[in-house]
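Below: one structure, written as structure tokens.
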Amino acid sequence: CQCGHTAALAVHSCTSTAVTASLPEFRPERRLKAVLKKREYGPKYTQNNFITGVRAINEFCLKSSDLEQLRKIRRRSPHEDTEAFTVFLRSDVEAKSLEVWGSPEALARERKRRKEAEIEYRENLFRNQKLLKEYKDFLGDTKPRSSTAGMLLKGPGKVVMVAICINGLNFFFKLLAWVYTGSASMFSEAIHSLADTCNQALLALGISQSARTPDPSHPYGFTNMRYIASLISGVGIFMMGAGLSWYHGIMGLLHPQPMESLLWAYCILAGSLVSEGATLLVAINEIRRSARAKGLSFYQYVRLSRDPSTNVVLLEDAAAVLGVTLAATCMGLTSLTGNPYYDSLGSLGVGTLLGAVSAFLIYTNTEALLGRSINPEQLQRLTELLESDPVVRAIHDVKATDMGLSKVRFKAEVDFDGRVVTRSYLEKQDIEQLLQEIQQVKTLEELEAFMLKHGENVIDTLGAEVDRLEKELKQRNPDVRHVDLEIL
């Protein structure tokens, strides 16, 4: 019956509930993941950084004798001329400075005192240099001739010095000829020679300044001083040479004046043509020799402004030879026809010639100072050298800048193959000893110590690989002086 069926269901339900309550609760098995506790690296962690002896002495007001008692650590040197150098733990240096000075306040006072003394020294530096020069003038300078003076006696410096002497003499004789004849073309030629002499003196100054050694304010040296001097020279040719020639030519057209006998003027122009031609040949031979050494044509070497000082002499002397020819032609037409307008047109022609030379010099030297890239073929060779190395997987953002005077700065972002770097490290290790160290690792602390030890060594190996690549780039490409490889 219906009542009996309901009672049976109730009994079955109670029985199932009792059985379920008596069984243990089933839960899926979970595996715990062992992880190291994340370490917070606060400012105090920098005490474990390394610091060089120079920084320890300067920043913590210590003496070299104070550092002898500290722990010395040999590290891979970032400099090419040293294999390794000594550093100290920053924490040791800080503790030693407190021991020497007694308190942080005393150390701060000493730092302040030294800073004030440094400022006072810089303020008196000019006065000290002036006094030193007076002592040298009085006692005599017995030091050997510096390399700066030597640069003016060979190569581009020799070309510039020869040009200064010849153009100075030309200016003197052309000026006498103008005073005697009153020729506008001769005046333009005199101004032309004066401008050349002044500009080449400026080039000599630029050459001497470019030989200065790098200092903290100019870490890449002073090689661009040649381009700066050449740029100023181009502006000087335009303002002083072309401007005055145009002015004198225009005034001759507006107010023509009869000229005296031109015999002496022709003689001086002939002598000027010979002397300017000799200087031009010296500049051409120097550029050919330098272009041959770089594997470039004569035109490419001049257009790229590889040697700005010799370029200026070449173009100025070429303009001088053409200017003398033009001036002599116009003066001859004036002599034959008696029309002074031809002479004034010669002055305008010389001014236009100087303007074209100055425009070329300004353009090429501006391009060089802006930091132009090297030629694509050379850049491709550098790129292929890096990509062919097993430790490099890819390179990105490659830049190679011509710093002037055959000095190239190369920069690239390099994706290193971590497996190759690690294998390079393992090849230098005792594998059996390394396996024993691994087998002795039982706890998380021991694992952390093991990984930290060998991880630091792998990073050192990566640094050594970077040094090797930089050295190979410089050896195979002598023009490359500075290499910056950034690790991706």
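Glycine is treated like the rest: Cβ placed from N, Cα and C.
All annotation found in TrEMBL is predicted automatically rather than curated by experts.
Per TrEMBL, transmembrane segment is recorded for 159-180 (among others). Same-chain neighbours of the transmembrane segment (159-180): 152-153, 186-187, 189-190, 193-194, 196-197, 200-201, 203-204, 207, 260, 264-265, 268-269, 271-272, 275-276, 278-279, 282-283, 286, 309-310, 313, 316-317, 320, counting only residues six or more beyond its ends whose CB sits under 8 Å from a CB of the stretch.
What TrEMBL records for 160-370 is domain 'Cation efflux protein transmembrane'.
Positions annotated as transmembrane segment by TrEMBL: 227-250 (among others).
What TrEMBL lists as transmembrane segment is 262-284 (among others).
Long-range Cβ contacts of the transmembrane segment (313-338) within its own chain (Cβ-Cβ under 8 Å, at least 6 residues beyond either end) map to 159-160, 163, 167, 170, 183, 185-186, 188-189, 192-193, 196, 199-200, 203, 237, 259, 262, 265-266, 269, 272-273, 276-277, 279-280, 283-284, 287, 302, 345-347, 349-350, 353-354, 356-357, 360-361. According to TrEMBL, the transmembrane segment annotation covers 313-338 (among others).
Look at TrEMBL and you will find 344-363 (among others) tagged as transmembrane segment. Note on the transmembrane segment (344-363): residues 184-185, 187-189, 192, 195, 230-231, 233-238, 241-246, 248-253, 256, 311-312, 315-316, 318-319, 322-323, 326-327, 329-331 of its chain, located 6 or more positions outside it, place their CB under 8 angstroms from a CB of the stretch.
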Sort out the residues at least 6 away from either end of the transmembrane segment (227-250), same chain, that have Cβ-Cβ distances under 8 Å to it, and list them.
-> 184, 187-188, 191-192, 194-196, 198-200, 202-203, 205-207, 209, 305, 308-309, 311-312, 316, 344-348, 350-352, 354-355, 357-362, 365-366, 368-369, 404
